[in-house]
Amino acid sequence: MKAGICHAAGVVALVLAPISAPAAPAPSDVVYDEYGSVAESLTGAAGDPVKGADVMANRGLGNCVACHLVSDLDEVPFHGEVGPALDGVADRWTEADLRGIVANAKMVFPGTIMPAFYKNEGYTRPGDAFTGNAADGPLDPLLTAEQVEDVVAYLMTLKE
Amino acid sequence: MLFRTMTAMALVLGATTAQAEGPELVINGEIPITTRAPAPEHMEYVREVMSGWEFRSPETQAFEADDFENPGMIFAEDGRTAFSQPLGDTDQSCASCHESPETLAGARAVYPKWDPEREEVQTIEMQINECITERAGAEAWGYTSQPMTNMSALLASVSRGMPVNVAIDGPAHDTWLQGKEIYYTRYGQLELSCANCHEDNYGNMIRADHLSQGQINGFPTYRLKNAKLNSVHDRFKGCVRDTRAETFSPGSPEFIALELYVASRGNGLSVEGPAVRN
């Protein structure tokens with residue numbers, strides 16, 4: 001009986017946990033200020049910079065190094081030069097700016113080549129990832145809210 | 001920070017100088033290839049056009065200087081064999097109407113081109129299929145099939161060194177405009193246009209790739225990466241796919257228009273196919 005109560009309490013805690021954390025806003029509900037910055041964490045929590053570094057380097061995730069040099073990620077091969085080097089980026093931008101740049105860089109740099117990572121509609125001929133086929137159904141953003149926060153947390157470590 | 005910026009500038013300047021004084025391509029010691037030329041007048045944002053050859057490593061560049069080293073020429077030779085073989089079960093071959101591939105020298109340089117009878121812009125693949133179906137009465141070849149790409153490699157090879165000179169005025173103009181619009185449209189979930197990579201960023205590295213101007217004067221190209229000949233529309237398809245977009249199909253009206261437009265951006269460069277790329 002005692003064990004039964006404990007067990008039940010455990011289940012309640014598990015169910016409650018996700019409800020008590022605020023749900024991430026849908027990409028279209030993210031609030032950008034007039035400079036394209038996003039003040040609130042998309043998850044309501046701080047990201048994990050270690051995971052963020054992996055998202056930056058991973059071809060299947062952010063693949064940020066395809067366009068940006070990040071000296072801190074020296075062990076990752078082939079950094080591109082389409083965008084500016086991100087060394088010292090935390091000295092130039094606030095956390096809110098960086099969140100806006102990662103979520104939708106077009107809000108900060110109109111017309112930029114940099115893809116919007118937390119956006120999922122408004123595309124021309126959206127495809128099903130890299131298959132070349134039409135997307136079937138609504139798209140997920142390129143990165144989840146957690147991954148955006150992880151990347152922001154990592155970018156905040158890039159000080160000179 | 002300052003130091004890094006200066007290093008980056010030195011690298012950029014270095015690259016520019018190296019390209020300006022870069023090596024020149026002469027095939028078999030006898031066919032000089034124009035790999036850089038003043039941009040055609042219709043181009044607004046680029047002053048000089050450059051063959052993809054300019055952006056490849058010296059090792060890859062060297063393959064093209066000698067037909068015995070150029071793996072693409074093996075396919076052009078297969079095309080030469082096919083040139084005089086019967087098409088389907090007919091007794092006609094290309095050679096029934098065209099004495100030799102050399103009599104078609106110059107054709108590659110002006111395609112895609114307006115066909116007044118069909119009232120449409122035709123790529124060289126479409127012209128080849130018109131000959132096969134309407135003149136010889138045989139069955140069409142697949143647009144990006146091996147026999148087709150071999151034949152287009154043969155036709156390119158006999159035009160090497162001649163300046164690309166596709167017409168963009170007159171009846172072809174509407175198709176050209178359509179191609180231009182496609183070139184500047186940002187497709188897919190990455191929202192990238194051809195121009196984002198090949199006009200705004202040629203010369204830059206994108207991950208491990210050195211971005212060229214995306215010129216098609218060297219097509220079909222033999223790519224070391226997939227060890228085969230690649231047709232223009234296959235390449236377009238790959239680039240559109242890489243934007244996480246739904247691609248167009250080889251032979252589609254969209255890719256025909258895009259081919260005319262991209263070809264016109266290379267007016268003045270030499271026909272160079274079958275070129276070697278990585």
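Cβ coordinates come from backbone N, Cα and C, glycine included.
These features come from TrEMBL:
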ACT_SITE  B:Cys239  active site, cysteine persulfide intermediate
BINDING   B:Cys94, B:Cys97, B:His98, B:Cys131  heme c 1 binding site
BINDING   B:Cys194, B:Cys197, B:His198, B:Cys239  heme c 2 binding site
BINDING   B:Arg235  substrate binding site
DOMAIN    B:74-227  domain 'Cytochrome c'
SIGNAL    B:1-20  signal peptide
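Feature annotations (TrEMBL) mapped to structure.
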residue: B:Cys94; record: heme c 1 binding site; contacts (Cβ under 8 Å, 6+ apart): B:Ala82, B:Phe83, B:Ser84, B:Leu87, B:Pro101, B:Cys131, B:Met151
residue: B:Cys97; record: heme c 1 binding site; contacts (Cβ under 8 Å, 6+ apart): B:Cys131, B:Arg135
residue: B:His98; record: heme c 1 binding site; contacts (Cβ under 8 Å, 6+ apart): B:Phe83, B:Leu104
residue: B:Cys194; record: heme c 2 binding site; contacts (Cβ under 8 Å, 6+ apart): B:Ile182, B:Tyr183, B:Tyr184, B:Gly214, B:Cys239, B:Leu258, B:Val262
residue: B:Cys197; record: heme c 2 binding site; contacts (Cβ under 8 Å, 6+ apart): B:Ile206, B:Leu211, B:Gly214, B:Cys239
residue: B:His198; record: heme c 2 binding site; contacts (Cβ under 8 Å, 6+ apart): B:Leu211, B:Ser212, B:Gln213, B:Gly214
residue: B:Arg235; record: substrate binding site; contacts (Cβ under 8 Å, 6+ apart): B:Ile216, B:Phe219, B:Thr221
* Structure fact -> Neighbouring CB atoms within 10 angstroms of the CB of B:Cys131 (heme c 1 binding site), all protein chains considered, total 18
* Structure fact -> DSSP output for B:His98 (heme c 1 binding site) maps to coil
* Structure fact -> Neighbouring CB atoms within 10 angstroms of the CB of the residue listed as 'active site, cysteine persulfide intermediate', all protein chains considered, total 17
* Asked: Near the heme c 1 site, what residues other than B:Cys94, B:Cys97, B:His98, B:Cys131 in the same chain have a C-beta no further than 8 Å from the centroid of the listed C-beta atoms?
  -> B:Ser93, B:Ala95, B:Ser96, B:Leu104, B:Arg135, B:Ala136
* Looking at heme c 2 and its recorded binding residues B:Cys194, B:Cys197, B:His198, B:Cys239, figure out the farthest C-alpha pair and report it in angstrom, whole number. => 11
* For the recorded heme c 2 site formed by B:Cys194, B:Cys197, B:His198, B:Cys239, name the remaining residues of the chain with Cβ within 8 Å of the site's Cβ center, in chain order. => B:Leu192, B:Ser193, B:Ala195, B:Asn196, B:Glu199, B:Leu211, B:Gly214
